Amino acid sequence: MSDGRVRALVERFGRACRHLRETSARTGRIARWEVRRSAGTVDRKTVIALVVMLLAVGTAGFSAADDGLGLEREIYVVGVDEGSRYYDVAADSEQFRPVPLADVIAEHDGATDGDDIVVRGDATVDVVVTRDGRIGHVGENGAAAYDEFRTAIETYNANLMADEEDHAAAYPVHVTLEYRDRDRPGSTVSGGDDGDETEAQTGAVDGSNETGDGESAADDGGGDEPLQVPAIGGGGSTPSTGTPGSIAPPFPFTSLVLAFLFVVPMNFVIQAYGSTIMDERVKRRGELLLVSPASRSEIVAGKTLPYLLGLVGVVVAIALAIKGGPVAIAAALPIALLFLAAAFVGAMFARSFKELTFVTVTISVALTTYTFVPAIFTDVTSIALISPLTLVVMDLQNEPIQLGEYLFSTGPFYLSAAVCFLLGLGVYREEDMFAQKPIPAKVLDAIANRVRGPWSLPLLSILFLPFVFASQLLSVALLFAVPQSVAIPLVVLVAASVEEIAKSIHVYAGVTRSRFDATLRTAVVMGALSGGGFFVGEKLTHVVQFVGLPDLAVGTAAFGPAVSSEPLVLGAVFLAPLALHVGTAICSAVGASRGRAGYALGLLTAVLVHVAYNLGVFVLVA
Amino acid sequence: MAILEVTDLRKVYGGFTAVEGSSFEIERGEVFGVVGPNGAGKTTTLKMLAGLIEPTAGTAAVAGHTPGDAEMQRQLGFLPEESPLYEEMTAIGYLEFFADLYDVPGDVARERIHDSLDRLDLEHRDRRIGNMSKGMQRKVAIARALVNDPDVLIFDEPASGLDPLTTNYIIEFTRELSDEGKTIVFSAHNLFHVESICDRIVIMNDGRIVARGTLEEIRAAHGGTEYHVYATADGSDGLPDGHGPIEVTRENGQVRHLVADMSAVEAVREAVEADGGRVTDIQTQTPSLEEIFLDVASEPTAEGES
């Protein structure tokens, strides 16, 4: 390499470093002033209210995770003597408060000759246990209290059995539970060394396999495989024994509630963040920042940084408080990032603070649902991995997390956040940010601002893939429990619709915002480029193979069946989607070139073709 | 040497052309007025110069830098028509923020801010901007435009909506800035202000420049000075070709000859005296910028004129 070239490289590197330094400095200044300015808008009362609210949420969260909500504590009163064998039932149950029998019934000795129990007029009691062991109920709540008392008796008995050292006496029939992933094929081997191995019964929801009818084997060390029985309500997987009635799906309540604590502050922070972005737009206040030496991206980064750092701080603090590890923090960060990105783009599209409220509430509900609902199934199915919160739950349960699982869970969040910021940044300019347009028009403006020449179309198709991926994953998660006969057609329809919109919306935006001529030839070229780009990008979704989602029927409906190993089939399966995506994208593009109604018609046709294709492939290959 | 060069500037919003083919140059230290009716394209032009709006076509450069270039933004001070301020900040805090953003060292910034506010006679500097009067807020906005000590100032309607006292104060302050050598691009609806402080002017209508030059040049091109010659006799018949009066009327027993230049005045005098009469009075009448503006703005814009 010549000296001149080296010098040029060094100069270029120096310029890049200088630019980076200046950019960082300006971003930092805007961030610093954003903090100072925002602090000026919050009065002392609001600060106190916020602190009180955060403390309340934190306390409620921790206590709920620790003890449950306690809403049903001592809601019923039981009249029972201490000598009764039912006294301990009432005393052990949180729902019941025992009171002496003499305090509630009219007879002096508590025994009645007839069938009726006579309760004193001034006594407050729901259930009465007579001295001869009969149980009755009184008052409006009596029937419900009676049912609960029966349940409490069963629980008490089960606990007694569990505490019994001689398990053979306590449990004449030994049941071994092993919770396994629902999608993993194979049967479970019974735990008893002399028990009969029976056919596995796969639960519809709980994912458990119940097998075996062997004898009690408290001292025999179990069966051929290690026992894995998640602790009910505890979130762990500590082996335990119990009655068949105690079998329930694993529900990591504690970890789930603690993981939810990460999401709670995000809902509040985006309100403040959305307001500060909106604040720049009302009365054109952001105009003067735009004429400063700071670039648009520096302004947005500067305004976002304090909120992002604030959320990072909160996430780290929560992780420390609940003894979460670095994985919990790394999993919560992309959620925070997407919350901010969605709030940013929402604030850029909203026309007023009223509209912004609607937008942020929608974001809160949608993202909280997306993150929280799948995490409920952490111990049940791989679907749960679509939410990074599942990683938090897993981390809190000390379960190992693979890199592939982390990327699968968080990838769509990182990419969606990046695309949201990109779209919002596109309209962060004088011509768009102060214009009063409906949200759909703003969305089209934002997309159209990224349409710069024909080659931007395939790129945008790829950029929209995270949304496609997230939408399809969400549809799989939401329809997971629905009967497959209903779920599969719905998932196929949703998947096709989302993909067709992702392939055509930027073409439509480009045409309506005069980025292209609305000729048939141009439409065909645009459609082909967009469809081709989408095909390339779609291959990225094969990451789902790593986590076994296509093994599920609804997963197959959304992402397609696993590819055959036959070369001919492999080739056909590879090329057929290309033809599909290009063909349907051209269909939508031609419609888009004919205006709004034409686009709707073209899109509908494309969706129908796509649905027919998916169902065909599903029937033929799967 | 021109500090600001604008070449074939064009801005189209959807199907609407806001500015069409504007070209002009502004010399260093000049006060350049941009006038025109509402919707003429003045504000769009100024925003394109400030780098706020990207032109559809054409270029604008400040000292060789194009809009959007950080270096150009440092040399520019922009005062928009409204005062979009952060109302929850104090005047000092707000100005310090922008000084920081323009890389002005802290001590220099403080001195400059207080100097500007002293000159603008702004009191209660630690008061929140939201609690200030509109005039005070405007002064803060002007001080903000000066915080980076720019070479070029773009003032869009600097005295819009203010009381006459504050308006005069701001116009005088603008004049002082011009005297200090600042180049100022100035837009206002009050043409008296434009007339009083601008060295050169462009008049815009329907997105096009329809008149340009110094006030005298514009007057000459769009109805210059008129002369009223009062005489005891009618001298219009004796005028040579090309000096004919624009108008001849009788007022209070005298004949009023309205002519366009001094040579016509002389010709009228000679003709009246030849007829045995005499000239009793000569009055000149210069059209105001407002009259020219109304005249020009009411004319349909010629396609291609710029």
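Our numbering is plain: 1 for the first residue shown, then up by one each step along the chain.
Glycine residues also receive a Cβ, built from the backbone N, Cα and C atoms like all the rest.
Here is what TrEMBL says about this protein:
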{"type": "COMPBIAS", "residues": "A:212-223", "note": "compositional bias 'Acidic residues'"}
{"type": "REGION", "residues": "A:179-246", "note": "region 'Disordered'"}
{"type": "TRANSMEM", "residues": "A:46-65", "note": "transmembrane segment"}
{"type": "TRANSMEM", "residues": "A:253-274", "note": "transmembrane segment"}
{"type": "TRANSMEM", "residues": "A:305-322", "note": "transmembrane segment"}
{"type": "TRANSMEM", "residues": "A:328-349", "note": "transmembrane segment"}
{"type": "TRANSMEM", "residues": "A:356-386", "note": "transmembrane segment"}
{"type": "TRANSMEM", "residues": "A:406-428", "note": "transmembrane segment"}
{"type": "TRANSMEM", "residues": "A:459-480", "note": "transmembrane segment"}
{"type": "TRANSMEM", "residues": "A:486-506", "note": "transmembrane segment"}
{"type": "TRANSMEM", "residues": "A:518-537", "note": "transmembrane segment"}
{"type": "TRANSMEM", "residues": "A:568-592", "note": "transmembrane segment"}
{"type": "TRANSMEM", "residues": "A:599-621", "note": "transmembrane segment"}
Check your understanding: Do the transmembrane segment (A:518-537) and the transmembrane segment (A:356-386) come close, with at least three CB pairs under 8 A (pairs 6 or more apart in sequence)?
Key -> no
**Study point:** Selected stretch (most C-beta pairs under 8 A with the transmembrane segment (A:459-480)) from A:253-274, A:486-506, A:568-592
**Key:** A:486-506
Review point. Is the number of Cβ-Cβ pairs under 8 Å between the transmembrane segment (A:486-506) and the transmembrane segment (A:328-349) three or more, considering only pairs separated by 6 or more positions?
Key: no
Study note, to complete from the structure: Stretch winning on C-beta pairs under 8 A with the transmembrane segment (A:305-322) (pool: A:328-349, A:356-386, A:406-428, A:568-592, A:599-621) is A:328-349
Exercise for review: Tell me, please, if the transmembrane segment (A:328-349) and the transmembrane segment (A:406-428) are in contact, taking contact as 3+ Cβ pairs under 8 Å between residues separated by 6 or more positions?
Suggested key: yes
Review point. Which one, A:253-274, A:356-386, A:406-428, A:599-621, has the most C-beta pairs under 8 Å toward the transmembrane segment (A:568-592)?
Key: A:599-621
